[in-house]
Amino acid sequence: MDTNAGESASPPSSNEAAAGSQSQSDASEEEEYLDNSIELRGYLSKWTNYIYGWQPRYIVLKDGTLSYYKSESESDFGCRGAISLTKATIKAHESDELRFDVVVNNLNNWCLRAETSEDRMHWVDVLQLYKADSGSTDTTSLRRHGSTMSLQSNTISLTSGGSLNKTQRNLREKFGELETFKDILFGQIETLQRYFDACSEVNKNNAQPLDLGDGLKSIDFKGESITFRATTSGVLTTLQHCLEIIAESDESWKRKLEREIDKRRRSEDQSKKLKDEVEKMKRLSYPGPDFEEGPHSTLPEDEFFDAVETGLDKIEEDMQLRFKLKLQSQISQTLVNVPHEAVAEGEEAREEFGTGAEATSHALWPEIDRVCKEQLHYAREGVGQDGNGWQIFADEGEIKMYKREEEVNGLVMDPLKAYHTVQGVTAREMCHYFFMPEFRNDWETTLEDCTILEKISADTLLFLQTHKRIWPASQRDAQFWSHMRKITDNLEPGARDMWVVCNNSTEYAKQESKNGKCVRIFLTVILACQTHLPEGYVKGQPLNRNDLTCKITYCSVVNPGGWAPASALRAVYKREYPKFLKRFTGYVIDQCKDKPIMF
């Protein structure tokens, strides 16, 4: 980290330091000047937006302003943004030891990350030191100003209203009466004091006559006592009037206070509600790193699910529109349904297709053969045979879906098993459209890109598949092999044939994400399909699609590869898996209805 301190005046010499208080004042001014001329610069990672994430930026602190540039070479051509530290708040992040935020009025927020925790501490210390020194005077001024305004506001509120003015006028009149009574009492007390002083002198000098001064030769004690009693009674009566006036307005003031308190409470509730709505809109409109997928995400789980659900709905709407436009652009053709068995064309027509014979020499074949056999055995097991607590979570006619809730290192990895039965297609047709990459974009809504890394054989391919980003979840991809196989042993009674497609993640010839920012999914999936013909069917008889029944078993275990809220992820699974199975099988039925039957 490159840090530079600004130039400053030389410190005072020892002779000047001996000059007493003047030298101390100079030293304090010297120190203040040094603090205010701090200059700090260097590269930090700055959060840009949810598409580009963290990007390196050249950050400069100078003259109370924090500025950033795309690079140091651009620092002479004007900054890309700036924040005044006078009104900024510098906060070190609680969970990320490399990150700190510079916030102004909760509207402008710079999220920054240093290379090391020491660098972060250095930046935070310097920025806070600069803010403390440069903003102390303004803070005091603002605090005093606020207090003055509060007093003025109170005075205005107390002097508003006609009844309040009348009450104050009455109290001022009574206060004037009290002042008059006070003067009378003081005069009487002084008269009595002079009398007592004169009596004391008479006792000392019995020969001298009593002289009260001011020409008073004697005093009427009875008259003075009566006057004193009347004066004190007047004081008490006036005080009683004051209490009555205050008591008369007390109930009115209480009612006014209760109304004001209630009004203030409603205003605060409304303000809080509006503030929460604004914050929610700001999170959705301007997502920052605190709302990204991850264990430290501050986005609530329900809002996480709502955001993902909205993204999936938008993708599905776009796909339906694209599919409708595709149908409109095609030339209408009348196809003849061939009422007899047909065979596949091209590479699928060879006898070796579906046996794996052409892939046996590949380095991945032992793994492919082993996983396919394990998954086939797993698919043939019923949901009540392994005793691991399968729970049904979707029951929609012919579709029944089961799951087991499992978490590994905090990641949801619920195994899924689904059963479905459809009419009008064969097992091979169902697996054909599931396996072939040229059809995948037609039924997989979240697919962004599908690349064949290696064609091991006609029935075995190595894929790198990238899925669309659905905020706030991270974008994901998967590298896996896919193998299509014909099963000839242990068929169910009444089954004509059985085909399976097995997909499994692999690290073989590992490829990095295309954009370098994807979270990698690890998956194991099998689609097992069986063709059933009507009872009493004799081989060689003509067939049409109404005679075909396809029984489907779909099993999957998916490791999402990164943290996501468990409840939100399970809610997405519950919502999307039935839709996926219905969408895919409906697509295959629609594609095959006017084509020859393929076994």
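Here the Cβ of each residue, glycine as well, is placed from N, Cα and C on the backbone.
TrEMBL lists 1-26 with the feature compositional bias 'Low complexity'.
Look at TrEMBL and you will find 37-132 tagged as domain 'PH'.
Look at TrEMBL and you will find 386-584 tagged as domain 'START'. If you average pLDDT over the domain 'START' (386-584) in this model, you get 87.
According to TrEMBL, the feature region 'Disordered' maps to 1-32 (among others).
Taking H, G and I as helix, E and B as strand and the rest as coil, DSSP gives the region 'Disordered' (260-279) the counts 20 helix, 0 strand, 0 coil. If you look up TrEMBL, you'll see 260-279 (among others) marked as region 'Disordered'.
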Over the span of the domain 'PH' (37-132), count residues by DSSP class, listing helix, strand and coil in order. 22 helix, 46 strand, 28 coil
